[in-house]
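Chemist: I'd like to ask you about the structure that follows.
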Amino acid sequence: MADNVTPRVRVPRDAAAGETITIKTLISHPMESGQRKDSDGNTIPRSIINRFTCEFNGESVMEMILEPAISTNPFIEFQAIVPESGTFAFTWYDDDGSVYEESKDIAVS
Amino acid sequence: ATALPMSARAAIEDAIAAFTDGAEMAESGITLTAPEIAENGNTVPIEVSAPGAASIIILAAGNPTPGVATFNFGPLAGAQAASTRMRLAGTQDVVAIAKMEDGSYAQARQEVKVTIGGCGG
């Protein structure tokens with residue numbers, strides 16, 4: 001179990017209908033690759049976030065499959081279309097079964 | 001290109017074949033943006049963009065395992081593009097392959113020179 005896993009997301013507060021916005025996400029996580037060895041020469045077991053999804057009002061924006069080659073504290077930047085006011089839901093899936101969630105509201109004016 | 005052990009070369013060929021099913025790949029239609037020289041292999045910024053792609057896979061030919069990330073774009077994706085940060089074990093080719101909505105494939109390749117490797121080996 002990774003400790004102190006904190007998701008952070010930046011989404012604009014409002015947008016025009018149909019506008020494309022940029023979303024940035026960062027989650028604190030060691031992303032232990034399974035390649036490193038400890039001081040006794042034992043391999044440190046892999047422990048990473050393996051999947052990330054972003055949905056808006058239940059419809060998919062994007063899904064990312066993460067491999068051990070993704071850096072510590074995974075950063076993801078991508079773009080979304082905002083057809084109406086609603087909520088972005090962000091979900092990160094950990095190797096250990098933990099699921100981390102964050103959501104952001106956006107208003108269409 | 002970088003000289004690789006046979007096993008690493010085979011691993012990336014296998015990973016490409018698994019994604020494309022051996023289909024021909026166009027050399028245009030996808031953009032891979034990565035630094036030419038990365039001082040620290042632990043966190044190398046990378047950006048991929050392929051208008052009209054259903055999914056994009058990123059592979060690192062010289063890492064212990066070639067897989068880096070796969071992006072699957074949904075109907076509300078504002079662009080078939082994404083940025084992230086990756087680890088590179090050493091100087092090597094980074095490959096991005098897009099599967100387009102029409103079922104065709106496109107690839108982009110770039111060598112990244114790494115000063116300090118990022119896989120703890």
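From the backbone N, Cα and C atoms, a Cβ is placed for every residue, glycine too.
Straight from TrEMBL, here's the annotation block:
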DOMAIN    A:10-103  domain 'Sulphur oxidation protein SoxZ'
REGION    A:26-45  region 'Disordered'
Chemist: Against which stretches of its own chain does the region 'Disordered' (A:26-45) lie, if we need a Cβ under 8 Å and a gap of at least six residues from its ends?
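Modeler: Same-chain contacts beyond the ends: 2, 4-9, 66, 68-76, 92, 94, 100.
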Chemist: Run through the domain 'Sulphur oxidation protein SoxZ' (A:10-103) and tell me, per DSSP, how many residues are helix, strand and coil.
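Modeler: With helix first, then strand, then coil, the domain 'Sulphur oxidation protein SoxZ' (A:10-103) has 0 helix, 55 strand, 39 coil.
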